[in-house]
Amino acid sequence: MSTKLIAPSLLASDFANLQRDIEMVNKSDADWFHIDIMDGVFVPNISFGMPVLEAMAKHTKKPLDVHLMIVDPDRYIKTFANLGSEILTVHYEACTHLHRTIQAIKSEGMKAGVALNPHTNVNLLEDVINDLDLVLIMSVNPGFGGQSFIENTYSKVKQLKDMIVRKGASTIIEIDGGVTNANAKALVDAGADVLVAGSFVFKSTSQLKTIEDLKSIVNP
Ligand code: DX5
Ligand code: ZN
């Protein structure tokens, strides 16, 4: 069984102390940095953009897992590759020519991910699953940290895992939104490989310990 990964979301970090929070993740048991880019159009919020990511990337020592919550993401694929993104995830709902977008991400040397909103059925990925490195299942409506986990996520993860096995794909499953130590084990049991955690990590009193605990819950 492969190691399950934890990706703290910097959206929940203290933006006035970004370097401090990045160093914390660097020395923690976490595996990736989850970076949420929002445009105020695809989602009703704006997070941060390229200049901030460029500043972050000077300090991050783990892969950058970039989650684009923006319309027409094709415009910026090259930019995010140049900024050092290892994984670039676009939303299914934001792409008219998803197959082309996936190929464009890969041709820039990044791993390609597709995110699904809570209302989007996993079966819609049937025809591209073998091209995908990662599927991100949103377990809250995208746009904000600190929301409650949507329980229907478990059945979506199971359905997606079945599809991946049936199609002989090597796609990994990431869960994003409302992840805590209370649902982490069940998510992994359902088939998840990577858990994003924002508020649960950054609002905790001992962030390193919270990450360590999550990591051991998902890798018993
Ligand atoms: C939400 C973002 C998430 C967010 C998760 O739109 O995609 O990555 O940071 O935050 P929590 O873990 O607080 O739900
Ligand atoms: Zn995210």
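Placement of Cβ uses the backbone N, Cα and C atoms for every residue, glycine included.
Matching H59, H67 to the divalent metal cation binding residues that TrEMBL gives (H34, D36, D176) identifies H67. Together with H67, G143, F144, G145, G146, D176, G177, G178, G198, S199, TrEMBL lists one candidate of S9, S13 for binding substrate, that being S9. Checked against G145 (substrate binding site), the recorded positions H34, D36, H67 differ in C-alpha distance, with D36 being the nearest. Sequence-distant contacts of S199 (substrate binding site), defined by Cβ-Cβ distance under 8 angstroms and a gap of at least six in the same chain, are A12, G145, G146. In this structure, the binding-site residues under consideration are G143, G145, G178, and the one with the smallest number of other Cβ atoms within 10 Å of its Cβ is G143. Taking a Cβ cut-off of under 6 Å from any atom of ligand 2, the recorded positions D36, H67, G143, G145, D176, G178 reduce to D36, H67, D176. Between the CA atoms of H67 (divalent metal cation binding site) and G178 (substrate binding site) there is a gap of 16 Å.
Cα spacing between G178 (substrate binding site) and D36 (active site, proton acceptor): 15 Å, rounded to the nearest whole number.
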